[in-house]
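For reference, the structure is listed below as structure tokens.
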Amino acid sequence: MVEKEILNKHEIDNILVRLSFQIIEKIKDDADFALVGIKRRGAILADRIASTIEKFKSLKPMIGYLDITLYRDDLTEISEFPKLLGSDLNFDVKGKTIILIDDVIFTGRTVRAALDAIIDYGRPKKIIFVALIDRGHRELPIQPDFVGKYVPTNIEEKINVKLHEIDGLDSVTIEKRG
Amino acid sequence: MLNRKDLTGLVDVTKEEILEILDTAEKFKEINSREIKKVPALKGKTIVNLFFEPSTRTRTSFEIAGKRLSADVINFTASASSTTKGETLIDTVKNIESMGVDMFVVRHYYSGSVRFIAQNTKAHVINAGDGTNEHPTQSLLDLYTIKEHKGNLEGLKVAIIGDITHSRVARSNAWAMKKLGIDLRLYGPKTMIPRDYLPLGCKVCNSMEEALEDCDVVMMLRIQLERQGIALFPSLKEYSKLFGLNKNRLELTKKDAIIMHPGPINRGVELPSYLADCDRSVILTQVENGVAVRMAVMYLLAMQQNTKLGE
């Protein structure tokens, strides 16, 4: 196993600022929007993006967190028992522009589950998807609106997103087998 | 982590398993407050409610729980079934199982019958009350409600008052509360205190005052008139006077003690209306939490299949 850093803390910070501005530009004057982070690391990224937006737009975005465990299409097949983290969306989704945020997009199945989960709360006006890393290998026709960094990967490789709040440091690494 | 095919009682469930169910229930409670109260977790699973004894609340609660998890729930009541035509219990179960059923929720008037069914089917089995033995999901929803109001469970003082002998709710609670470090006091007419089969260390009190003193939770049991062949007390009026809860007795408890009841209430017998409906009564919260707790049990059991097969 060889682990190589592809983004350091400074680069992650810069990317998050850029993504925040892309979101601000996309929503324009639409004040009725909310950020929704996919647990666990997407939720942390959503928090960070929210504070950046607050700093530059002087408005505090609504924020929610999604646990997509119950919506996984492989829920009855996975051998590792998933712990429920619980969702936390304290606003009405109906009519809102939802900015969905996750750390990595890979097969697209997590995003599919998240879309279903959001729609079960109500009918949003629009959903925009933002990912820190796009590592390719989609199994569903789902594409992010904004990507922090596109990382071409081999299917056997692993992308590790480490965030200070959980892992004690900010870093994105790629792990190669061999 | 919950590691079992069935939930037939709390007698053999560990403290960690109980806490995991309560934890999971908390996540499911949020779903019940949404506008669209449904998640796809058990899509494609078939759950049969097998009830050999009348029930509205428990059966409805299990039915709602299964449906909110997207399972297909079928209700089967004994009066309309082949058991009245002479089929044995296990034959009935095996026949229904053959139609591809993943889970049975069973209520039966004989103690031990649910465990017997569990041993004879590959499907998951949840006990929804067997005779005077156990009613584990009722106890779990009681514990959940207590935890929700008191923040924790360990060290709390809980009094259960009434017909202990005939109460499967009391028995399940006794097993569970003992494991969770709750100080449980039982009280009722001498004729309604079991002489055997209570977990070691359960305290049977000699007076209402002794039971209620400084309690955090008072749980009043229903007098089960339908379960008594012989009269165990002279009259309802006398029972109410000696073993019912009232304002004066409630003053013996902690100021923030909550009043619980597994329902249905005999108003004016074990509990007067002014207490059943007061702001310290959490009886309807218990019913509300029942759905989330049953969702948690169904979900955790249904997920077991996968881990077990892998091992």
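Placement of Cβ uses the backbone N, Cα and C atoms for every residue, glycine included.
Automated prediction, rather than curation, is the source of TrEMBL annotations.
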Of B:Arg4, B:Arg107, B:Arg185, B:Arg195, residue recorded by TrEMBL at the carbamoyl phosphate site of B:Arg57, B:Thr58, B:His135, B:Gln138, B:Gly263, B:Pro264: B:Arg107
Rounded Cα separation (Å) that holds between B:Gln138 (carbamoyl phosphate binding site) and B:Lys85 (L-aspartate binding site): 32
Spatially closest candidate among B:Lys85, B:Arg168, B:Arg222, the listed binding-site residues, to B:His135 (carbamoyl phosphate binding site) (Cα to Cα): B:Arg168
Position of peak Cβ density within 10 Å, selected from the binding-site residues B:Thr58, B:Gln138: B:Gln138
Binding-site residues compared (B:Gly263, B:Pro264) - the one with the fewest other Cβ atoms within 10 Å: B:Pro264
Pairwise Cα distance for B:Arg168 (L-aspartate binding site)/B:Gly263 (carbamoyl phosphate binding site) [Å, integer]: 13
Neighbour count (Cβ, 10 Å) for B:Arg57 (carbamoyl phosphate binding site): 13
DSSP-derived class (H/G/I helix, E/B strand, else coil) of B:Arg107 (carbamoyl phosphate binding site): strand
Distance [Cα-Cα, Å, rounded] between B:Gly263 (carbamoyl phosphate binding site) and B:Arg222 (L-aspartate binding site): 7
